[in-house]
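Per TrEMBL, the features are:
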type: TRANSMEM; residues: 35-57; note: transmembrane segment
type: TRANSMEM; residues: 69-87; note: transmembrane segment
type: TRANSMEM; residues: 99-118; note: transmembrane segment
type: TRANSMEM; residues: 124-145; note: transmembrane segment
type: TRANSMEM; residues: 157-177; note: transmembrane segment
type: TRANSMEM; residues: 183-203; note: transmembrane segment
type: TRANSMEM; residues: 229-252; note: transmembrane segment
type: TRANSMEM; residues: 296-315; note: transmembrane segment
type: TRANSMEM; residues: 327-345; note: transmembrane segment
type: TRANSMEM; residues: 357-379; note: transmembrane segment
type: TRANSMEM; residues: 391-408; note: transmembrane segment
Amino acid sequence: MDEVREPLIAPTSNGDLIDHDDVKSGLRRMFNPRLLGVMLLWLLTGSCTAAAGVFIAPIKKHYELSDGQAASIFAAGTCGYLCATSILDRVVARGWRTLAMLSVFFAAIGATVLSTAPPFPLVLASYAVLMFGLGSGDSGFNVWASRAPHPHIVQGFIHSSFSVGCIAGPFVAAQLLSYGWYLFYRLMILCFSLCGMWLWLAFRSPTERTSDSLVSTARMDHSPRLLQTLQLLPVWTCAVFYLFYVGTEAIFTDWGPEYMTRVKQIPAQQSPLASSLFWLGMATGRLVLSFVTQKISLRTVTVYLAVALGLQNLLRVNDPSVCLGAIFSIGFFLGPTFPSGILVLTNAVPRSFSANAVAIAAAVGQIGGAITPVSLGFLSDRVGLSHLPDVSLICSCATMVLWVSLFWQASGSKREYDPDENESFEP
């Protein structure tokens, strides 16, 4: 069956996502309500993800837990994310509006329960529900972006929004800590409500007039196509690549504040700087280095990863200012990695398998985002948090090796490329 490629974002006059020769067209694209709605959802996703690291200490104190027990919140969130990924095809087949509403609804439910400071088992369950909702939007709209005419441009917008959320989330959470860690989630209830209304209006008309064929395709060959996707080597290479890469992100997001407080002895009120500076570097890197990557090639990502690897040795310096500067710089050079991985993966597999491939790789990445901080938490219980740089170095080395492998698999792909659907892939 021929695959129907629909305009997931309303096209400009010439059908392109962004017309570089037409300033007015570019401005209209910037303010497309659907794109802005997805960016808002990802902003909130980043805020909730990064704020969890700030809440480790107060949750640990509130419920009298060890580091490892408190870190189990990350594992609960990953379980919710994986559950969302498992039903992604069926949700997407029902339309992007359904995906958006499902995401916001479950995120709001999770935030509502968390806002009451329930017993810790309910905290874990609620965080799983929260991440089920946010994971639906994460994986689903990654697919949405990957099917756009110029997917890496849309990826750049939404991933930058996630980074901005990861900058703002820890600071907002830190300001509300004196009133109770759960107050942050009361604010999130309001934000999710506003986001839900925006997305409801933005996707009010069906984006898929071909949805009947898409639904029937999803129902008829969902299992065979998923199994065929799982047999593709680039999918597993990218999945393990994201396993270590997202694990590296999680180290700085979830344990960076505690590392700066315990090991570098900065005041607890300033500890969110570690997470926020990391994500400020990520956002800046995604915006600045994307131009360098476009001018040269995706080979430059290997250089970025090598520089980030070297900078992690500065985390051993006793001066907190040097460590904070290093964390920002590490985020800066890691910034383009995730969107570049999506672009390489979608060029390494047949176009009809790209949606499942992106979802599978992102889901495995979330496993790394749970395993790494939880493992670091139990390691901290035994030997202290001073070994954070060692764990981050191991994850970064594995990330770089897997990136090189994935890149060359994509470079050797014989898949025909259609410049009308995606921008060129030049190794």
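Cβ atoms are placed via backbone N, Cα and C, with glycine included.
Nobody curates TrEMBL annotations by hand; they come from automatic prediction.
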Any chance you could find the range in 69-87, 157-177, 296-315 with the most Cβ pairs under 8 Å to the transmembrane segment (327-345)?
296-315
Stretch of maximal Cβ-Cβ contact with the transmembrane segment (157-177) [cut-off: under 8 Å; candidates 69-87, 183-203, 229-252, 357-379, 391-408]:
183-203
Sort out for me which stretch, of 69-87, 99-118, 183-203, 296-315, 357-379, has the most Cβ pairs below 8 angstroms to the transmembrane segment (391-408).
296-315
Report the listed stretch (69-87, 99-118, 124-145, 229-252, 357-379) having the maximum count of Cβ pairs within less than 8 Å of the transmembrane segment (183-203).
99-118
